[in-house]
Amino acid sequence: MALIKKLPTDPNINFMGKRKLFMAFSVLMIALSLVLVATRGLNFGVDFRGGILIEIRTSEPADLSSLRSRIGSLGLGEISLQEFGAPTDVLINIQKQDGDEKEQMKAIQLVKDELGSAVEEYRRVEFVGPKVGAELKEDGALATLFALLGIAFYIWFRFEWQFSVAALMALTHDIITTIGFFALTQYEFNLATLAAVLTIAGYSINDTVVIFDRVRDELRRYKKMEVIDVLNMSINRTLSRTILTSVTTLLALIALFVFGGEVIRGLSLGLIWGVTIGTYSSVGLAVPLLFATNVRPSIPEEEEEGLVDENGQKIELVQENDKAS
Amino acid sequence: MVQFSKWQIFAVIGVLVLGIFYAMPNLFKEQTLETFPDWVASDQINLGLDLQGGSYLLLEVDLEAVEEEQLTNLVEGIRVNLRTDRIGYQNLRVEGKAATFTLRDASEEMVSRVRQMIFENNPGLLISTDGAKVISEYSDLVLRERRIAVINQSIEVLRKRLDETGTKEISLQRQGESRILIQVPGVKDPDEIKRLIGKTAKLTFHLVDQNADPYSGKAPVGSQIMLSQETQASGQPQRYVIKKRVMVSGENLIDAQSTFQDAQPVISFTFDTTGAQRFARVTQENVNRPFAIVLDGKVISAPVIRSPILTGNGIISGNFTPQSAEELAVLLRAGALPAPLDILEERTVGAGLGEDSVNAGKVASIIGLVLVLIFMGSSYGLFGIMANFALVANLILIVAVLSLFQATLTLPGIAGIVLTIGMAVDANVLIFERIREEIRNGRGPVMAVDAGYKRAIATILDSNITTLIAAVLLFQFGTGPIKGFAVTLTIGIITSMFTAIMFTRLLIVTWLRRRRPQSLGI
């Protein structure tokens with residue numbers, strides 16, 4: 001019993017007809033993301049902004065307001081406290097202290113002295129000095145840039161330049177909107193989140209390449225067909241795969257989001273968002289962009305093997321019949 | 001694609017057996033593993049500090065302080081040389097990165113003699129002259145070598161301090177030009193580590209200038225005012241006037257132990273021969289005078305010498321707790337750091353949080369896996385079940401590779417594995433969808449499988465290689481969590497390609513041969 005048989009075998013949804021709508025939606029999403037990042041900004045974790053993060057477990061449910069006022073009275077500047085996964089767990093964020101690294105160390109000690117016996121366990125103490133914070137930011141940006149360029153280069157090498165451009169633009173869209181998502185939700189943006197953003201790039205490109213591969217194949221086979229129809233057909237023929245893979249990935253990620261623990265909740269949420277937006281962008285953005293860059297059927301370097309060729313003819317006829325009906 | 005040669009079947013099964021062999025140790029407790037015979041693999045996955053709990057500290061060696069000290073020493077050295085040779089000079093001082101002075105006699109003969117003299121005493125110096133002015137500075141090469149030496153020496157001292165017995169799994173690495181990365185698993189008191197690395201631990205013994213008034217504000221030439229380490233009852237540290245000359249220094253210590261004297265924690269120490277001789281002479285000549293013990297520029301105590309100490313053994317008393325006495329003893333045994341250290345970054349995870357994370361990761365992985373298994377099974381029926389075997393095999397292989405290569409698994413790494421669980425079926429989905437298309441085009445089961453695989457493989461390779469490129473670049477340029485994520489993602493991509501292309505194909509082909517089905521059921 002395979003449920004897959006219940007799916008329509010030959011979907012014929014006119015994705016390309018709605019390309020302007022997709023385009024407008026994507027442009028809007030990018031604009032919104034940029035506005036959000038500019039106005040609300042990202043809630044940078046200690047990794048990037050420098051500063052101190054302390055996660056404590058108290059023996060009894062924590063009284064946040066009393067803890068807040070006690071730590072607030074230490075004069076350490078901006079602090080924030082939040083419950084973290086359980087009523088006894090509290091996450092304390094303390095801003096970067098003026099002065100050098102030694103000042104940060106003193107601040108940690110001050111907090112520990114103040115909290116004293118109220119704390120049962122220090123679950124996490126993270127401190128990133130101003131120097132390292134700036135470096136991590138730079139390294140993260142570089143890693144992203146190199147990953148994108150590496151991907152673009154490979155696609156350019158394996159396909160045509162149009163594919164490379166379209167993929168790169170779709171990827172940039174995914175990354176910007178994911179960052180926008182973090183600006184909207186104000187989930188902490190740290191190194192792990194950045195890793196998530198980069199994985200989204202990896203997932204999304206995987207998705208895009210599968211469709212592009214099909215496009216390249218079909219362009220070779222249906223030289224006489226309108227390019228826009230070939231593109232649409234390619235999306236439709238890979239649609240069941242696109243959906244199935246997204247669903248399995250999302251299932252795994254939802255498990256991670258629900259059961260993976262508080263520390264990686266932001267990361268898994270980012271991944272869920274990214275997989276969704278990445279799937280959309282492969283279909284709704286990458287392929288229309290391919291059309292916009294005026295992709296043409298290339299002359300295949302080698303003729304397809306016998307099987308595929310004679311078969312190609314057959315499918316062409318079927319397709320034309322479909323259109324007529 | 002439906003042909004498997006004998007050796008191919010052998011290779012696929014071989015890889016899986018090896019996978020199980022290397023993944024297996026993770027099912028057992030460490031104690032159980034020790035009872036197994038030697039030929040059985042025993043390496044478990046190496047958990048990152050965020051999962052097993054521990055401290056990660058990035059330190060910066062204050063090389064500028066070292067270089068300044070070197071220059072001051074150079075100036076003093078030159079001063080001594082010039083005086084011994086009775087050469088007139090003025091304005092001897094540190095100027096930027098160089099030691100400079102002006103000769104009174106600027107004759108060519110004198111200048112070249114002085115240059116010769118300085119160079120002989122300090123090889124590696126670059127000496128230039130500007131009229132009567134002599135400028136000496138260290139070459140870049142020498143400076144670089146010294147920096148490396150200072151870092152290496154710092155690492156050695158730190159290792160002795162943190163892991164005297166050499167039994168702990170402490171990792172100390174040089175990072176870049178001036179940094180040291182310390183990773184200490186399973187720490188109970190991270191502050192203790194910070195106390196152990198925070199001190200330079202330069203120990204010196206000085207005579208006290210009893211004629212000067214410590215509260216006058218100005219010390220006589222050759223002396224200086226120093227504060228005590230502990231504050232007095234008034235809340236102010238005690239002030240001492242200490243003679244600058246170092247009588248004996250910690251370099252001559254060969255041992256230091258914490259112990260008790262009159263129920264007070266103290267540190268007993270032993271000097272080497274040179275140190276013992278010096279100590280004996282000083283104590284003989286200064287009976288009934290106070291002798292200051294100075295650590296990192298602060299006076300620990302200044303006991304009065306009751307009688308000459310000739311054995312080279314002594315006791316440092318002060319306001320110690322048993323713990324602080326023990327810590328100081330460790331510091332003294334390990335020796336002084338060549339330069340002060342700054343903590344740039346600290347990440348400490350308690351064992352409790354680490355354990356919680358591992359458990360949460362396990363639960364999430366299992367639930368994610370079960371969800372995907374159910375979904376695939378119900379979507380593709382028999383084919384889905386075969387894909388599920390491949391998925392489980394994939395997980396085993398990931399665990400095996402992580403254990404075999406002792407790659408570090410971090411929390412984001414677990415996220416990477418869960419993501420791989422979701423993505424790993426992609427290759428199979430691609431193949432199955434292609435097979436379905438071939439069936440629709442009227443092919444028989446065997447031909448459909450053959451063509452499906454043939455046509456899907458290029459796509460699988462392209463899409464996975466692009467992801468692989470991203471993962472490898474992330475590993476190369478990323479730091480910390482990004483690296484951990486990239487590791488499992490990379491391994492997952494490679495193993496999933498193997499299981500999807502080779503393992504499920506073997507299953508399907510075997511099924512086709514045995515059953516010769518009329519339809520594939522998808």
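Yeah, the Cβs are placed from backbone N, Cα and C, and that goes for glycine too.
Counting residues per DSSP class in helix, strand and coil order gives 21 helix, 18 strand, 21 coil for the domain 'Protein translocase subunit SecDF P1' (B:151-210). According to TrEMBL, the domain 'Protein translocase subunit SecDF P1' annotation covers B:151-210.
Per TrEMBL, domain 'SecDF P1 head subdomain' is recorded for B:235-339. Summarising model confidence by region, the domain 'SecDF P1 head subdomain' (B:235-339) averages a pLDDT of 89.
Sequence annotations record features per position, and here TrEMBL assigns domain 'Protein export membrane protein SecD/SecF C-terminal' to B:343-512.
What TrEMBL lists as transmembrane segment is B:7-24 (among others). Among residues of the same chain six or more beyond the transmembrane segment (B:7-24), those with a C-beta under 8 A of the stretch's C-beta atoms are 40-41, 43, 393, 396-397, 399-401, 403-404, 498, 502-503, 506.
TrEMBL lists B:363-382 (among others) with the feature transmembrane segment.
What TrEMBL lists as transmembrane segment is B:389-408 (among others). If one looks beyond the transmembrane segment (B:389-408) by at least 6 residues along the same chain, the residues whose Cβ comes under 8 Å of a Cβ in the stretch are 15-16, 18-23, 25-26, 41, 43-48, 365, 369, 372-373, 376, 417, 420-421, 424-425, 428, 484, 487-488, 491-492, 495-496, 498-500, 503-504, 507.
According to TrEMBL, the feature transmembrane segment maps to B:414-435 (among others). Within the chain carrying the transmembrane segment (B:414-435), a Cβ under 8 angstroms from the stretch's Cβ atoms is held by residues 51, 357, 361, 364-365, 368-369, 372, 376, 380, 383, 387, 390-391, 394-395, 398, 448-449, 451-453, 455-456, 459-460, 463-464, 484-489, 492-493, 495-497, 499-501, 504, 520, 522, all 6 or more beyond its ends.
As annotated by TrEMBL, transmembrane segment applies to B:456-478 (among others).
The transmembrane segment feature in TrEMBL is assigned to B:484-508 (among others).
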For the domain 'SecDF P1 head subdomain' (B:235-339), the DSSP residue counts stand at 29 helix, 41 strand, 35 coil
Sequence-distant contacts of the transmembrane segment (B:484-508), meaning Cβ under 8 Å and at least 6 residues beyond its ends, amount to 1, 4, 8-9, 12, 15-16, 48, 383, 386-387, 389-391, 393-394, 397-398, 401-402, 407-417, 419-420, 423-428, 431, 449, 453, 457, 460-461, 464, 467-468, 471-472, 474-475, 478
In the same chain, residues at least 6 away from the ends of the transmembrane segment (B:456-478) whose Cβ sits under 8 Å of its Cβ atoms read 426-427, 430-431, 433-434, 485-487, 489-490, 493-494, 496-497, 500-501
